[in-house]
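Novice: This is the structure I want to talk about, given as structure tokens.
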Amino acid sequence: MGPRIGGISLTIKDPRWVGAWWLGFLIAAGAVALAAIPYFLFPKEMPKEKRELQFRRKVLAVTDSPARKGKDSPSKQSPGESTKKQDGLVQIAPNLTVIQFIKVFPRVLLQTLRHPIFLLVVLSQVCLSSMAAGMATFLPKFLERQFSITASYANLLIGCLSFPSVIVGIVVGGVLVKRLHLGPVGCGALCLLGMLLCLFFSLPLFFIGCSSHQIAGITHQTSAHPGLELFPSCMEACSCPSDGFNPVCDPSTRVEYITPCHAGCSSRVVRDALDKSQVFYTNCSCVAEGNPVLAGSCDSTCSHLVVPFLLLVSLGSALACLTHTPSFMLILRGVKKEDKTLAVGIQFMFLRILAWMPSPVIHGSAIDTTCVHWALSCGRRAVCRYYNNDLLRNRFIGLQFFFKTGSVICFALVLAVLRQQDKEARTKESRSSPAVEQQLLVSGPGKKPEDSRV
């Protein structure tokens, strides 16, 4: 019943539009290759690190000299001192073989994971990275479906608003740590405050969005719009393919049809305008009052809300990124000096395994559950054509809210542990102060005690 079309006329608003998606990857790969050129000019060993390594070798040689060994026999050394010396030997060894690294790694890994501050901070960063991975992967598609905007415009808004806010948040967090001279407790409080504000500004996102428009044969509201039903009598002679997808929109009732065939249209008209041409289908027997339909999906009535929505997302991202520098400082201050390098490696390993790998799968599975019409390929589900926008918004933002809540809980526990440790340190200091004063009185004004330091 539908006309045979020799050429293809698509616009960027057409859901079948693909575009040069590969061009951005080529540009990004070229920029990364250019940025990697200075790395080839670095020396084999940094001069500063080489001098530090020589100094530490000299110190180790002095401490292991025969005179030192005679003064401090092995029987007088405590187990803690020997353990520290072994850790120092592990770090000073310039060329650690693979077998030696495998032997050392489990002990240092367990020692690092038993530290409550390190474990809680890494778990909070896992939650934040899961949120970021889901947002970076599916936010353009979410904006495109939710507000009926083009993919290029969605990515342009994200690049102009979201990514600069992330940079600002990281820089502001570092400035606050430096200017306020924040210690571990202060860093924990800043992380908790940033995530609480991020959680607060995420609440309005549940209510900013567009409901799904009416689609003939998929959403049925026959009392309000008679044209929503696929009338068998009006399309019996069409023999419409079940896997076809060429959406058309009835502007008068804002009802969308999967193909012109499903609307019962028999003619195609192209109207040339100043900047673009519009394609109309006429003589549509399944459309109410026989109105002509316009090629393409129906425009959303609330597409203007995309900018406020993205502004709130950007503000939440900036507040979440406030925690980047203070949380990193908590990790560096929370582990031993000889284990800092390995602790950072363990941190990024957990971020990759627990956040960046499973998070896109979790978000994608949640988004697939909101689909109301699947395209079939060889009898199997291929791609989702239409989503329930309200359900899509609630589940996508709900997942983001879930990960933010997990990060808040972890930072709250970090702050509680830090305050408890600070309280215990003050109590121990107050108990040791009278003993030091008494030792000073007993030793006399002219004598200095050998061990008067606390």
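Quick reminder: no glycine exception, Cβ is built from N, Cα and C everywhere.
Heads up, here are the entries from TrEMBL:
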type     : residues : note
DOMAIN   : 228-288  : domain 'Kazal-like'
REGION   : 64-87    : region 'Disordered'
REGION   : 424-454  : region 'Disordered'
TRANSMEM : 20-42    : transmembrane segment
TRANSMEM : 117-139  : transmembrane segment
TRANSMEM : 151-177  : transmembrane segment
TRANSMEM : 189-209  : transmembrane segment
TRANSMEM : 305-332  : transmembrane segment
TRANSMEM : 353-376  : transmembrane segment
TRANSMEM : 396-418  : transmembrane segment
Novice: Out of 151-177, 189-209, 305-332, 353-376, what stretch is closest in contact terms to the transmembrane segment (396-418), meaning most Cβ pairs under 8 angstroms?
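Specialist: Answer, by Cβ pair count: 189-209.
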Novice: Which of 151-177, 189-209, 305-332, 353-376 has the most Cβ pairs closer than 8 Å to the transmembrane segment (117-139)?
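Specialist: Most contacts with the transmembrane segment (117-139): 353-376.
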Novice: Short question: which residues 6 or more past the ends of the transmembrane segment (305-332) have a Cβ under 8 Å from it?
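Specialist: Tertiary neighbours of the transmembrane segment (305-332) are 117-118, 121-122, 124-125, 128, 131, 135, 139, 143, 146-147, 149, 154, 157-158, 161-162, 164-166, 168-170, 172-174, 176-177, 182, 184, 186-188, 190-191, 194-195, 197-198, 201-202, 204-205, 208-210, 340, 343-344, 347, 404, 407, 411, 414.
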Novice: Roughly where does the domain 'Kazal-like' (228-288) sit in mean pLDDT, to the nearest integer?
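Specialist: Mean pLDDT for the domain 'Kazal-like' (228-288): 75.
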